[in-house]
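Trainee: Let me give you the structure first, and then I'll get to my questions.
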Amino acid sequence: MAFSDLTSRTVRFYDNWIKDADPRVENWLLMSSPLPQTIILGLYVYFVTSLGPKLMENRKPFELKKAMITYNFFIVLFSVYMCYEFVMSGWGTGYSFRCDIVDYSQSPRAMRMVHTCWLYYFSKFIELFDTIFFVLRKKNSQVTFLHVFHHTIMPWTWWFGVKFAAGGLGTFHALLNTAVHVVMYFYYGLCAMGPAYQKYLWWKKHLTSLQLVQFVLVTVHIGQIFFMEDCNYQYPVFLYIIMSYGCIFLLLFLHFWYRAYTKGQRLPKTMENGNCKSKHH
């Protein structure tokens with residue numbers, strides 16, 4: 001009886017909560033409920049932390065050079081497209097970079113922003129292959145808690161962003177992230193091409209700097225919410241989540257920077273059998 005009552009309460013809570021969702025995305029892929037993505041992400045975590053390593057335990061690592069080159073440069077092109085769309089749907093066509101609220105209209109620009117937000121959300125599922133490639137190549141040391149957490153939490157939280165607040169100042173971090181990913185995955189693409197291209201990877205340290213700048217800009221931009229008394233952004237809870245996430249990764253990357261470049265400890269080699277070792281977000 002108690003379980004039945006709890007279930008009923010949960011269903012009522014969900015119904016009351018979901019009624020405020022954006023109807024424009026109701027019938028889009030993966031957007032009807034959070035359950036499909038939760039199942040996908042659960043299977044991803046199970047595969048990369050348990051099933052995959054067990055299946056590969058007595059097997060040789062897969063040779064995935066061509067697949068990784070194709071994958072990385074595809075992400076570069078996809079990120080260029082998403083960055084352009086974020087600019088054209090708001091960030092370069094009217095947003096103030098201050099209190100930019102969500103436009104829930106059916107206008108072409110508003111719908112372009114919604115579509116771009118969904119593309120960004122979907123791209124996070126494509127990026128799960130980062131970890132799958134690690135597992136298939138038996139690079140299990142790179143499948144860290146932080147890596148898996150990041151690749152799981154990004155699509156899961158972005159579902160709520162697209163469902164309720166596709167646009168406005170909560171998308172600035174996505175604009176920056178797509179721009180950074182253009183550079184990052186270009187770097188990984190060169191890495192995947194083998195040792196012959198190592199001479200073109202002298203700018204690895206600057207890649208870390210770029211990621212640090214990304215988190216600083218995200219934190220500063222979102223931090224404006226505390227100083228804008230009349231900002232009527234519809235879902236401020238999302239801004240607090242973004243700011244918390246930005247601060248956490250800013251601290252993690254500062255620690256990485258200090259350990260790698262200031263304290264004098266040696267970094268892992270940029271290339272190992274033609275493959276990169278690097279943090280990326």
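Just so you know, glycine gets a Cβ as well, placed from its N, Cα and C.
Not my notes, these are from Swiss-Prot:
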ACT_SITE  H150  active site, nucleophile
BINDING   K124, R137, K139, Q142, H147, Y187, K204, T208, Q211, R266  3-oxoeicosanoyl-CoA binding site
DISULFID  C99-C231  disulfide bond
MOD_RES   A2  N-acetylalanine
MOTIF     147-151  motif 'HxxHH motif'
MOTIF     277-281  motif 'Di-lysine motif'
TOPO_DOM  2-27  topological domain 'Lumenal'
TOPO_DOM  94-115  topological domain 'Lumenal'
TOPO_DOM  163-176  topological domain 'Lumenal'
TOPO_DOM  228-236  topological domain 'Lumenal'
TRANSMEM  28-48  transmembrane segment
TRANSMEM  73-93  transmembrane segment
TRANSMEM  116-136  transmembrane segment
TRANSMEM  143-162  transmembrane segment
TRANSMEM  177-197  transmembrane segment
TRANSMEM  207-227  transmembrane segment
TRANSMEM  237-257  transmembrane segment
Trainee: If you count, for each of the recorded positions K124, K139, H150, the other Cβ atoms lying within 10 Å of its Cβ, which residue has the minimum?
Mentor: K139
Trainee: Give me the stretch from 73-93, 207-227, 237-257 with the greatest number of Cβ pairs under 8 Å to the transmembrane segment (177-197).
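Mentor: Answer, by Cβ pair count: 73-93.
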Trainee: List only the single closest residue to K139 (3-oxoeicosanoyl-CoA binding site), chosen from the recorded positions A2, H150, C231 by CA-CA distance.
Mentor: H150
Trainee: Let me spell it out: take the transmembrane segment (207-227), skip the flanking residues so only those 6+ beyond its ends count, and list any with a Cβ under 8 Å from a Cβ in it.
Mentor: 97-99, 169, 172-173, 176-177, 180, 183-184, 187, 233, 236, 239, 242-243, 246-247, 249-250, 253-254, 256-257, 260-261, 278-281
Trainee: For the topological domain 'Lumenal' (2-27), find every same-chain residue at least 6 residues outside the stretch whose CB is under 8 Å from a CB in it, and list them.
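Mentor: Residues 33, 104, 106, 111, 114, 118, 162-166 contact the topological domain 'Lumenal' (2-27) from elsewhere in the chain.
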Trainee: Does DSSP give Q211 (3-oxoeicosanoyl-CoA binding site) helix, strand or coil?
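Mentor: The residue in question, Q211 (3-oxoeicosanoyl-CoA binding site), is helix (DSSP, three-state).
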Trainee: Sequence-remote contacts (6 or more beyond its ends) of the transmembrane segment (28-48), Cβ cut-off under 8 Å?
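Mentor: Residues 18, 118, 121-122, 125, 128, 131-132, 134-135, 143, 148, 151-152, 155-156, 159-160, 162-163.
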Trainee: Can you name the far-off residues of the same chain, 6+ from the ends of the topological domain 'Lumenal' (228-236), with a Cβ under 8 Å from a Cβ of it?
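Mentor: Here the qualifying positions are 98-102, 164-165, 168-170.
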Trainee: Measuring Cα to Cα, how many angstrom lie between Q211 (3-oxoeicosanoyl-CoA binding site) and A2 (N-acetylalanine)?
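Mentor: Q211 (3-oxoeicosanoyl-CoA binding site) and A2 (N-acetylalanine) have their Cα atoms 49 Å apart.
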Trainee: For the C-alpha pair, I'd like the distance in angstrom between K124 (3-oxoeicosanoyl-CoA binding site) and C99 (disulfide bond), rounded off.
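Mentor: Answer for this pair: 26 Å between alpha carbons.
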Trainee: Measure from the CA atom of C99 (disulfide bond) to the CA atom of H147 (3-oxoeicosanoyl-CoA binding site) and give the result in Å, rounded to a whole number.
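Mentor: A Cα-Cα distance of 32 Å.
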